[in-house]
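Per Swiss-Prot, the features are:
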{"type": "BINDING", "residues": "Cys566, Cys575", "note": "[4Fe-4S] cluster binding site"}
{"type": "BINDING", "residues": "His662", "note": "chlorophyll a B1 binding site"}
{"type": "BINDING", "residues": "Met670, Tyr678", "note": "chlorophyll a B3 binding site"}
{"type": "BINDING", "residues": "Trp679", "note": "phylloquinone binding site"}
{"type": "TRANSMEM", "residues": "46-69", "note": "transmembrane segment"}
{"type": "TRANSMEM", "residues": "135-158", "note": "transmembrane segment"}
{"type": "TRANSMEM", "residues": "175-199", "note": "transmembrane segment"}
{"type": "TRANSMEM", "residues": "273-291", "note": "transmembrane segment"}
{"type": "TRANSMEM", "residues": "334-357", "note": "transmembrane segment"}
{"type": "TRANSMEM", "residues": "373-399", "note": "transmembrane segment"}
{"type": "TRANSMEM", "residues": "421-443", "note": "transmembrane segment"}
{"type": "TRANSMEM", "residues": "524-542", "note": "transmembrane segment"}
{"type": "TRANSMEM", "residues": "583-604", "note": "transmembrane segment"}
{"type": "TRANSMEM", "residues": "651-673", "note": "transmembrane segment"}
{"type": "TRANSMEM", "residues": "715-735", "note": "transmembrane segment"}
Amino acid sequence: MATKYPKFSRDLAQDPTTRRIWYAIATGNDFESHDGITEENLYQKIFATHFGHVAIIFLWASSLLFHVAWQGNFEQWIKDPLHIRPIAHAIWDPHFGEPAIEAFSQGGANYPVNIAYSGVYHWWYTIGMRTNNDLYQGSIFLLLLAALFLFAGWLHLQPKFRPSLTWFKSAEPRLNHHLAGLFGVSSLAWAGHLIHVAIPESRGVHVGWRNFLTTLPHPAGLTPFWMGNWGVYAENADTTGHIFGTSQGAGTAILTFLGGFHPQTESLWLTDMAHHHLAIAVIFIIAGHMYRTNFGIGHSIKEMLNARQFFGIRTEGQFNLPHQGLYDTYNNSLHFQLSIHLAALGTALSLVAQHMYSLPPYAFIAKDFTTQAALYTHHQYIAGFLMVGAFAHAGIFWVRDYDPEQNQGNVLDRVLKHKEAIISHLSWVSLFLGFHTLGLYVHNDVVVAFGTPEKQILIEPVFAQFIQAAHGKLLYGMDTLLSNPDSIAYTAWPNHANVWLPNWLEAINSGTNSLFLTIGPGDFLVHHAIALGLHTTTLICVKGALDARGTKLMPDKKDFGFTFPCDGPGRGGTCQTSSWEQSFYLALFWMLNLLGWVTFYWHWKHLGVWQGNVAQFNENSTYLMGWFRDYLWANSAQLINGYNPYGTNNLSVWAWMFLFGHLVWATGFMFLISWRGYWQELIETLVWAHERTPLANLVRWKDKPVALSIVQGWLVGLAHFTVGYILTYAAFLIASTAGKFG
């Protein structure tokens, strides 16, 4: 008999029911639970998958370059980036009728195409690419790199090339190599690319494979570097009249600190960014030499964490919190490591979302409004998923990897011991935020509905306005720090030399960009709604992780594993109590809820800025009907009009996705609000009917159909809810923005 799926578990492969498929999917990536796995083998498998992961990323980037070079309009777009729509790729669809072909022949193409809202055109243009040939070369290079990484992944699974467990657990050498090699050297290489290729291209000087060794990036060459006279590289910067991509108004500086934006492209100065990457490289290369490896010099992380002395003063550890035993706990738990890495990456990604629109790095991207909206939403959503993943893996750590003996008295032990205080405080703050914010919104809603809008409770966000004023925003007249020319912030070195401050102040006060947008009562309310979402999601995540080992109701929870369906009614109801259901299922709902509020706010606020009509947001965001009517309903009008009696338009694909997204989302509820007996009856009824229907009964199940467990039903529901939610909002966001701004 042929071996059945899954090969990694003999027990599961022999299960005669459809449970086999479900459990195999559920445990496919849980290498720890597979047959015959050893710790060393586990690390080696994960290590090899990293190469595969990088190969997929290179392949994806290669496909973008290839399709734009083949079917896009990169060379035409460069000539007029503000008015020509960038093309992602052609559409080949045999179902298209004449009206659809006409509607989707856009962006200057004479055949149906998709418009690109990813910002790749702006990125490639900024970093010095100018021709389709450049794109093809990049695509082939990445393809070869992907092949190389796939080979490397395979190679590291061969017996002679498998790293040992001790190699995986040497934290200091890994940290040194990642800091100095991965971050430091790659930042240095990127600074090199910007200085040698991108900056000359922005000044109309083409640097290619033929002349890059003979074209000096700076007229003085390396002399100022060797002489220690580095200021020379900042002299003669591009002027405010510089036309990007030409020599008109161009300077010769390569490393500057101009601050603010290039007036024409409305993006950060390339020379500022080169300076930034060089500085990052220096810092990280130094950081990559701090930890003790072969030579017995440098820091030992274990010694630092176990230390009880801080410059001669007796202490429990950093911030007086004891860290004894943390090194081994962290170094021996892949889930602990993954949890912290996901949390760090999730935070970084959210910061990327916030900075990409407020400090746009790519030329002309600030004026491609649909791309700005798509990139913000995309990065915030991914950040949300990563953060929830962080707490899910924290839950697995507490159940599988945490050793109470080894961590006695340290910070993990302390957090676990006073988890009731942490959870109850989060609960209190969530309740406070929820009731007060909703109370204000509902009050305002009622008085507006009764025709007395002057009775609204409108609160100015004075503390946030103070922070904006401290950064130099003059509008509020607060006269503090950078908005006060006599303050120490204004006059301190190096500002007194007027290095970056004039351009920064001009940018923050311009009113046409997204830097420190003017805020009022509507922002105050939605800020607190977002705070409610953040605190509630955090409450669920933290409770799910800290309660993973046990609670008053179920003190032996850890013995059941990370995910268990139910422990029966005998304990007073233990359904929905595993860390899996709390830190993953429930948290995802609140995470999506929160992201809805965040992206609605960002989008509506920016529609006003882009259309030059901020009054609509300011006046109508202070009550609920304003959000429903003037943001959601008003902006979905064009979307609902994607199909009409007059035929198709270029929003019709988004209109269809909008409808389909709602359908998928609503399907989720069927799986979420249900119980197991219902599914078992349904399955058996379907099988009975199937087996008695001509033709259909020629196909038989090999596995006996068994209903989904409650947890599996929820997973199906959650998947539909999430996918439908994202599809619906993505279609709404892109179509409503593109419909207004082309």
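Every residue gets a Cβ built from N, Cα and C, even glycine.
Feature map: annotations from Swiss-Prot on the structure.
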residue: Cys566; record: [4Fe-4S] cluster binding site; DSSP (3 states): coil
residue: Cys575; record: [4Fe-4S] cluster binding site; DSSP (3 states): coil
residue: His662; record: chlorophyll a B1 binding site; DSSP (3 states): helix
residue: Met670; record: chlorophyll a B3 binding site; DSSP (3 states): helix
residue: Tyr678; record: chlorophyll a B3 binding site; DSSP (3 states): helix
| query | Between the transmembrane segment (273-291) and the transmembrane segment (175-199), are there three or more C-beta pairs closer than 8 Å, counting only pairs 6 or more apart along the chain? | reply | yes
| remark: Integer Å value for the Cα distance linking Cys566 ([4Fe-4S] cluster binding site) with Trp679 (phylloquinone binding site) is 17
| field | Range from 135-158, 175-199, 373-399, 524-542, 651-673 with most C-beta pairs under 8 A to the transmembrane segment (583-604) | value | 373-399
| With pairs closer than 6 in sequence left out, are the transmembrane segment (421-443) and the transmembrane segment (524-542) joined by 3 or more CB pairs under 8 Å? | yes
| remark: Spatial neighbours of the transmembrane segment (651-673) not adjacent in sequence (6+ beyond its ends, CB under 8 Å) are 100, 103-104, 636, 638-643, 708, 713-714, 716-732, 734-735, 738-739
| field | Per Cβ pairs under 8 Å, the stretch of 135-158, 175-199, 334-357, 373-399 packing most closely against the transmembrane segment (46-69) | value | 135-158
| Cys575 ([4Fe-4S] cluster binding site) to Tyr678 (chlorophyll a B3 binding site): how many Å between their Cα atoms? | 17
| For the transmembrane segment (135-158), what are the same-chain contacts with Cβ under 8 Å, counting residues 6+ beyond its ends? | 44-45, 47-52, 54-56, 58-59, 61-63, 65-66, 68-69, 74, 124, 129
| query | Counting Cβ atoms within 10 Å across all protein chains shown, which of the binding-site residues Cys566, Cys575, Met670 comes out on top? | reply | Cys566
| Counting only other Cβ atoms and using a 10 Å cut-off, which of the binding-site residues Tyr678, Trp679 scores lowest? | Tyr678
| Which number gives the other C-beta atoms within 10 angstroms of the C-beta of the residue listed as 'chlorophyll a B1 binding site', all protein chains shown included? | 15
| In angstrom units, rounded to an integer, how far apart are the Cα atoms of the residue listed as 'chlorophyll a B1 binding site' and Tyr678 (chlorophyll a B3 binding site)? | 24
